[in-house]
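Reading through the structure tokens given below for one structure.
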Amino acid sequence: MEWENHTILVEFFLKGLSGHPRLELLFFVLIFIMYVVILLGNGTLILISILDPHLHTPMYFFLGNLSFLDICYTTTSIPSTLVSFLSERKTISLSGCAVQMFLSLAMGTTECVLLGVMAFDRYVAICNPLRYPIIMSKDAYVPMAAGSWIIGAVNSAVQTVFVVQLPFCRNNIINHFTCEILAVMKLACADISGNEFILLVTTTLFLLTPLLLIIVSYTLIILSIFKISSSEGRSKPSSTCSARLTVVITFCGTIFLMYMKPKSQETLNSDDLDATDKLIFIFYRVMTPMMNPLIYSLRNKDVKEAVKHLLRRKNFNK
């Protein structure tokens, strides 16, 4: 008799901004422009980091990984979100939703871990420059980057399997732009406290641990910078560190707000909370990937020279 109250869902309806056509049009234009900037900025960085031999260093290897990751991260959700803004039928299959959840969580976890690895790389380069070639050899930095991807994939696979095994009732309306794992969990007609606890533990491990490494690394870097006698020599590294910390705090902070609040206790003002989650989505899914190329590399002298060299070579070939 218990199964009579349940139906096997084959698709979900993504509510997004349904009922607000003007907002949908505004968000479509805004997110589309940001997505194009993300593709151009990160694509350029990947291209020059491969083609320019001077950029074949651990730092640019990590930056290339970050750029590729940001393109993948946004592509898992942004195109489908843009289509849903213009379409009256805003549905996604159960299997498509599971794939979207897996890719989204995998990319998010990978980026958190990779940002921690990149902070450690900069700490060694600035605070221990003589030992840098030994510590950050190819045998070290390639496994570091690969490990970030593996951690993200494993964590996401575990989380996604736990969610798709939940029983879902007749309510198939996801109050979000995409299949965010928490938004999908809300639809389960079962106790999700166990899922929330596992998500809390993994988020703490893969978000706060890299964040702690980032804070410690940049604190030591800043202390090392202040030992430089020349104020001119301090200004550029200081501004670079502050800019990078801003991006990291924006990315990690929004994910912290998204995944570490007790969702099972959200009974009052749920509409306001869902609106907040949608706003957070814009920040950590679009803003951070758009800012990363500018903050981490496109202001860098070596990168600017590499871009100029690439353009000159292209014009010469013509």
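For all residues, glycine too, the Cβ spot is worked out from N, Cα and C.
Look at Swiss-Prot and you will find 1-25 (among others) tagged as topological domain 'Extracellular', backed by sequence analysis.
For ASN5, the entry in Swiss-Prot reads N-linked glycosylation site.
Counting same-chain residues at least six beyond the ends of the transmembrane segment (26-46), those with a Cβ under 8 angstroms from any Cβ of the stretch are 17, 63-64, 67-68, 70-71, 74, 78-79, 81-82, 85-86, 282, 286-287, 289-290, 292-294, 297-298, 303, 307. Residues or ranges marked as transmembrane segment by Swiss-Prot: 26-46 (among others).
Within the model, the topological domain 'Cytoplasmic' (47-54) carries an average pLDDT of 87. The topological domain 'Cytoplasmic' feature in Swiss-Prot is assigned to 47-54 (among others); the stated evidence is sequence analysis.
Among the features that Swiss-Prot reports, transmembrane segment is placed at 55-75 (among others). Outside the transmembrane segment (55-75) by six or more residues, the chain places 35, 38-39, 41-43, 45-46, 48-49, 103-104, 107-108, 110-111, 114-115, 117-118, 121-122, 125, 136, 141-142, 144-145, 148, 285-286, 288-289, 292-293, 296-297, 302-303, 306 with a CB less than 8 A from a CB of the stretch.
Sequence-distant contacts of the topological domain 'Extracellular' (76-99) (same chain, at least 6 residues past either end, Cβ-Cβ under 8 Å): 9-18, 24-25, 27-28, 31-32, 35, 107, 160, 163-164, 174, 177-179, 184, 285-286. Residues or ranges marked as topological domain 'Extracellular' by Swiss-Prot on the basis of sequence analysis: 76-99 (among others).
Annotated disulfide bond per Swiss-Prot: CYS97-CYS189, in sequence order. Just so you know, the Cβ of CYS97 (disulfide bond) picks up 24 other Cβ atoms within 10 Å once every protein chain is counted.
For 100-120 (among others), the entry in Swiss-Prot reads transmembrane segment, with the evidence type sequence analysis.
The topological domain 'Cytoplasmic' annotation in Swiss-Prot covers 121-139 (among others).
Here Swiss-Prot flags 140-160 (among others) as transmembrane segment, drawing on sequence analysis. Among residues of the same chain six or more beyond the transmembrane segment (140-160), those with a C-beta under 8 A of the stretch's C-beta atoms are 58, 61-62, 65, 98, 101-111, 113-114, 117, 121, 181, 198-199, 202, 206.
The topological domain 'Extracellular' annotation in Swiss-Prot covers 161-197 (among others), and the record cites sequence analysis as its basis.
Residues or ranges marked as transmembrane segment in Swiss-Prot: 198-217 (among others).
Among the features that Swiss-Prot reports, topological domain 'Cytoplasmic' is placed at 218-237 (among others), with the record citing sequence analysis.
What Swiss-Prot lists as transmembrane segment is 238-258 (among others).
According to Swiss-Prot, the feature topological domain 'Extracellular' maps to 259-277 (among others).
Below 8 angstroms of C-beta separation, residues 16-17, 31, 34-35, 37-38, 41-42, 44-45, 60, 63, 66-67, 70-71, 73-74, 77-78, 108, 176-178, 180, 243-244, 246-247, 250-251, 254-255, 257-258, 304 of the same chain, each at least six residues beyond the ends of the transmembrane segment (278-298), sit close to that stretch. The transmembrane segment annotation in Swiss-Prot covers 278-298 (among others).
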Tertiary contacts of the topological domain 'Cytoplasmic' (47-54) (same chain, 6+ residues out, Cβ under 8 Å): 60-61, 63-64, 67, 302-303, 306-307, 309-310
Long-range neighbours of the topological domain 'Cytoplasmic' (121-139), counting only residues six or more past its ends (CB under 8 A): 58-59, 62, 217-218, 220-221, 224-225, 237
